[in-house]
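Student: Would you mind keeping the following structure in view while I ask a few things?
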Amino acid sequence: MTYRLDEIDKRILYHLARDARRTTAREIAAEVDVSPGTIGNRIEKLEDQKIIEGYHATVNYEKAANLLTHLYICNAPSSERERLAREALEVPGVINVRRAMTGRENLHVMAVGKDTKDIGRLSQALTELGLKVEKEGLLEEEYFHPYHPYGPDSDPGQAGKSFMSLAGDAELTELRLLEEAPVVGVTIAEAATDGILSDDVLVVAIERGDSMVTPKGDAEFQRGDIVTLLFRNGIKDGVVKAFGGDVVHR
């Protein structure tokens with residue numbers, strides 16, 4: 001039998017989704033005019049019914065350990081999607097996997113890595129599982145908000161936010177590749193092997209005309225590309241020079 005939510009249940013879900021850590025049963029009880037004990041019993045019932053499946057902390061890994069959060073948009077065969085999603089969670093560094101019911105980009109994998117090599121290792125590990133990485137990129141910001149219809153009409157709510165902040169000397173820089181730029185015709189992997197890209201310099205995005213090129217190891221830099229680089233330990237003049245020195249934004 002399906003459990004039917006009433007207005008008290010909905011208000012509980014709203015406040016726990018907004019901030020489960022700092023919301024008390026007494027506060028919710030005062031808002032819906034019942035006892036704190038009633039709220040506690042309702043929460044237990046919602047947990048028993050698997051409507052509340054768990055409570056999770058939103059961790060800023062960049063602030064915690066100067067780590068990068070990366071998003072991989074993958075394709076998985078429909079018959080293998082559930083199995084591959086579970087196996088992807090076992091890859092060291094993966095912190096979240098989402099399955100979409102339809103479409104080609106049906107598996108979204110979020111992972112945390114310390115540098116360019118780590119990001120590449122994660123991509124390779126997902127590929128070896130049988131996933132095809134369609135797109136990938138550095139996650140900058142992620143916002144959360146409880147479901148509006150479950151909240152009070154007078155409460156506009158407050159969006160939760162998870163993001164990669166640029167701490168210390170870290171800087172994002174966009175460079176336009178001129179024809180004479182040394183990296184033109186070179187792949188990301190080759191630039192890393194040649195020492196142009198060190199572990200603390202990450203290619204975040206490559207804009208080519210009206211499209212975006214996924215910054216994977218075999219992606220080749222071309223004249224006119226606008227390349228976004230993340231310098232973890234401050235701007236390196238040698239890297240800027242290798243990319244032609246034409247800074248678009250810094």
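From the backbone N, Cα and C atoms, a Cβ is placed for every residue, glycine too.
As listed in TrEMBL for this protein:
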{"type": "DOMAIN", "residues": "5-68", "note": "domain 'HTH asnC-type'"}
{"type": "DOMAIN", "residues": "161-246", "note": "domain 'RCK C-terminal'"}
Student: If I take every residue in the domain 'HTH asnC-type' (5-68) and average their pLDDT values, what number comes out?
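Tutor: That region's mean pLDDT is 92.
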Student: Quick check on the domain 'HTH asnC-type' (5-68): DSSP residue counts for helix, strand, coil, in that order please.
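Tutor: The counts are 39 helix, 1 strand, 24 coil.
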Student: Which residue counts does DSSP give the domain 'RCK C-terminal' (161-246) for helix, strand and coil?
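Tutor: Output for the domain 'RCK C-terminal' (161-246) reads 12 helix, 28 strand, 46 coil.
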